[in-house]
Amino acid sequence: MAGGSFAPAGVAKERAEQYQGKLTAYVIVACIVAAVGGSLFGYDIGISGGVTSMDGFLHKFFKTVYKQKMLAHENNYCKYDNQGLAAFTSSLYLAGLVASLVASPVTRNYGRRTSIICGGISFLVGATLNAAAANLAMLLLGRIMLGVGIGFGNQAIPLYLSEMAPTHLRGGLNMMFQLATTLGIFIANMVNYGTQKLEPWGWRLSLGLAIVPAMVMTVGGIFLPETPNSLIERGSKEEGRKLLERIRGTENVSAEFQDMLDASEFASAIKHPFRNILERRNRPQLVMAIFMPTFQILTGINSILFYAPVLFQSMGFGGNAALYSSALTGAVLVSSTLVSIAIVDKLGRRVLLISGGIIMIICQVIVAIILGVKLGVNHELSKGFSVLVVAVICLFVVAFGWSWGPLGWTVPSEIFPLETRSAGQSVTVAVNLLFTFIIAQSFLALLCALKFGIFLFFAGWITVMTVFVYVFLPETKGIPIEEMILMWRKHWFWKRIVPELLKLIALLVVGQTTQQCDMF
C-alpha cells in the first residue's frame with residue numbers, strides 16, 4: 001500500500017508541516033471560474049423576492065395575490081400569503097435536493113468538473129424556460145431545471161475549491177463560492193430595482209439574465225482542470241501529481257501527494273459511500289453535514305434575502321423603497337463576505353461563527369420589538385423606525401456574511417475523508433435545500449401567523465446553533481483536508497465516538513475486510 005501506514009481517513013500521520021507550495025495564478029483563475037456557480041445560486045435567491053412583488057408577474061401567474069396586494073387596508077403580514085406563490089420560490093430547492101443526491105456518484109465517478117458543467121447546462125435551460133414562460137406549468141418547469149443546476153453546482157463547487165486550495169488558504173478560497181453567491185444576490189436586487197419599472201414584462205428580463213452566469217459556468221467548466229484528488233481517486237496518479245505540481249508552483253509536493261495516495265487507496269475500497277458515511281467512525285462529519293446547513297437556513301437569512309422586497313413592503317415600505325432596501329442588504333452581504341475571506345484563515349472558523357451568532361440574535365430581537373410595538377397589523381412604520389429596521393437588518397446581514405453564510409458551506413466541504421467526500425457534500429447540499437424548501441414554502445404563512453414573532457422564532461434557533469458550535473465544533477483552521485480525521489480524535493467529545501487509530505490499522509494488517517473494519 002502506498003505510503004506504508006493506512007488509516008480510515010486515508011492518512012496515518014500528520015504531514016502538514018511538510019507541505020510546500022504557494023498560491024498560484026492557476027489556482028486563483030480556476031477557483032474564480034468555479035465559484036461563478038455560486039453567483040447563480042445567489043442570483044436566484046435575490047431575483048425571486050423581487051419578481052414575486054412585481055405587479056406584471058403577479059397579474060399573469062398569481063391573480064389572487066395581485067388582488068390581495070391591491071386592497072387598500074390589507075393585513076401588513078398576510079397580503080402575500082399564498083401557497084402557489086411560495087411554490088414558485090420553493091420548487092427550485094426541492095428539485096435541487098433530489099439533484100444533489102444524483103450528483104454525488106457523478107462527482108465521484110466522473111469528476112468535479114463534469115458536475116459543474118452539468119449544473120451550468122441545467123441553469124441555461126431553466127433560465128430560458130423562465131424568461132419565456134407562457135403559463136404556470138412552464139414557469140415551474142424552468143424552476144425545476146434551475147434546481148437541478150443548483151443541486152449539481154452546490155454539490156461539486158465547494159469540493160472543487162477545497163481540493164484546489166493550499167491548506168493555509170483553504171478557508172478564504174473556499175469562500176469564493178459564498179462571495180459569488182452574495183454578488184449574485186446583490187446583482188439580482190439591482191436588476192430587480194431596474195426591471196420593476198418595465199411593467200408588465202420586466203420580470204422576464206430579471207429571470208432571463210440568469211443565462212449570463214450560466215454561460216460563464218458552463219463554458220468555464222469546460223476549460224477548468226480537474227482536481228488532483230479526483231484524478232488520483234479515478235486512477236490517474238501521474239496526471240494527478242503533475243497537476244498538483246502545477247497548481248502548487250513547485251515539484252516538491254511529495255508529502256501532500258502521499259496523503260492523497262493514502263486517502264485514494266482507502267477510498268477505492270469503499271463501494272457504497274452513502275452507507276459508509278453512516279458508520280460510527282464518520283459520525284462527527286455526518287453530524288456537521290446535517291446541522292451546519294440546517295442552522296445556516298434557520299438563521300432566517302434566506303427569508304430576508306429572497307423575500308426582502310415582500311418583507312419590506314409588508315412593513316409598510318413603498319414598492320421602490322422596498323427594492324432599494326433589499327438592494328442595500330445585498331451590498332452589505334458582499335462587503336461582509338470580503339471581510340470573512342480576509343480573516344477566516346487567521347482567526348479561525350469558531351470565532352467567526354460564535355461572534356456572528358451573538359450579533360444575529362441581538363438583531364432579530366430588536367427587529368421583533370420594533371415591529372411588535374410600532375407596526376401593528378394595518379399601520380406603517382414612521383420614517384425613523386423604518387430606517388432603524390433597515391439598519392438593524394443590515395447589521396444582521398453583516399454578521400451572517402462573515403460567519404454562517406460562508407462557513408455553513410466551508411466547514412462541511414473540508415472535513416470529510418476522500419472516500420465519503422462527495423457523499424458528504426451531497427448530504428450537506430440536500431439538507432440545506434430541504435430546509436430552504438421548508439422555509440421558502442412556509443415563510444409567508446409563518447409571517448402571517450406569527451407576525452413580528454417570526455424574528456423571535458429565528459433568534460431562538462440562532463441561540464441553539466451558537467451553543468452547538470461552542471460545544472461540538474473543533475477548529476479546522478490550518479489542518480490539511482486529508483488529515484481532518486486526526487482532529488476529531490483530539491476533541492473532548494468526538495474522541496469518544498471516533499475509534500482509536502491503532503485498532504483499525506491492526507485489523508488491516510491482519511487482512512480483515514473493509515466490511516469488518518466498518519463495524520468500528
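Just so you know, glycine gets a Cβ as well, placed from its N, Cα and C.
What TrEMBL lists as transmembrane segment is 23-43, 85-103, 115-134, 140-161, 173-191, 203-224, 286-310, 322-344, 351-373, 385-405, 426-446, 452-473. Feature annotation from TrEMBL assigns domain 'Major facilitator superfamily (MFS) profile' to 30-477.
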> Can you find at least 3 Cβ pairs under 8 Å between the transmembrane segment (203-224) and the transmembrane segment (351-373), where each pair is 6 or more residues apart in sequence?
Replying inline: no
> Would you call the transmembrane segment (115-134) and the transmembrane segment (452-473) in contact, using three or more Cβ pairs under 8 Å, pairs 6 or more apart in sequence?
Replying inline: no
>> Are there residues at least six beyond either end of the transmembrane segment (23-43) with Cβ under 8 Å to its Cβ atoms? List them, or say none.
In response: 116, 119-120, 123, 149-150, 153-154, 156-157, 160-161, 164-166, 169, 173, 176-188, 209-210, 213-214, 216-217, 220-221, 223-225, 246-249
>> Same chain only, please: residues at least 6 beyond the ends of the transmembrane segment (452-473) with a C-beta under 8 Å from a C-beta of the stretch. Say none if there are none.
In response: 287-288, 291, 295, 298-300, 303, 349-350, 353-354, 357-358, 360-361, 364-365, 367-369, 371-372, 375, 404, 411, 443, 446, 493-494
> Does the transmembrane segment (426-446) reach the transmembrane segment (85-103) with at least 3 CB pairs under 8 A, where each pair is 6 or more residues apart?
Replying inline: yes
> Restricting to the same chain and to residues at least six past its boundaries, which positions have a Cβ under 8 Å from a Cβ of the transmembrane segment (85-103)?
Replying inline: 44, 48-49, 52, 58, 61-62, 65, 115, 118-119, 122, 139-140, 143-152, 154-156, 306-307, 426, 429-430, 433-434, 436-437, 440-445
>> With Cβ-Cβ distances below 8 Å as the criterion, list the same-chain residues six or more beyond the ends of the transmembrane segment (173-191) that contact it, or say none.
In response: 23, 27, 31-32, 34-47, 50, 157-158, 161-162, 164-166, 205-206, 209, 213, 305, 308, 323, 326-327, 329-331, 333-334, 337-338, 340-341, 344, 401, 405-406, 409-410, 413-414
